[in-house]
């Protein structure tokens, strides 16, 4: 388009900016369009070029498939590692809980045995004291009977 095809008409002028209108003149029939209306024709490809493009596409597909398989293998390996770690942590927790419970049970058993031994000792002491009191009473009783006569 030439500059004579365009007319500029000023609408407003303000401090914040300027507004204008562009008026395009109608196109003349003689003018040739600046761009082609249809896309450019592609040259005919030879059989070798088509074959090369197909081979390149096949290589891209294979490369993409290999990359996807590699990512899947890495993901599976990571999942196995995470699962193994979880199993190991669970086993460690179970062992620690079992050891703690065993230790607690042993401490309770020892405490119970100590309490039983202390009770038995107190009972023996009471029996001994009762026996002493009985002997003392028996030894005093015959003397009291002879004195009473």
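Using N, Cα and C of the backbone, Cβ positions are placed for all residues, glycine too.
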Annotated as N6-acetyllysine in Swiss-Prot, from the list 52, 70, 100, is 100
From 9, 43, 75, 80, the annotation N6-acetyllysine in Swiss-Prot is attached to 9
Feature phosphoserine (Swiss-Prot), candidate list 16, 94, assigned to 16
Once DSSP output is merged into helix, strand and coil, residue 100 (N6-acetyllysine) belongs to helix
Here the Cα-Cα span from residue 63 (phosphoserine) to residue 38 (phosphoserine), rounded to a whole number of angstrom, reaches 37
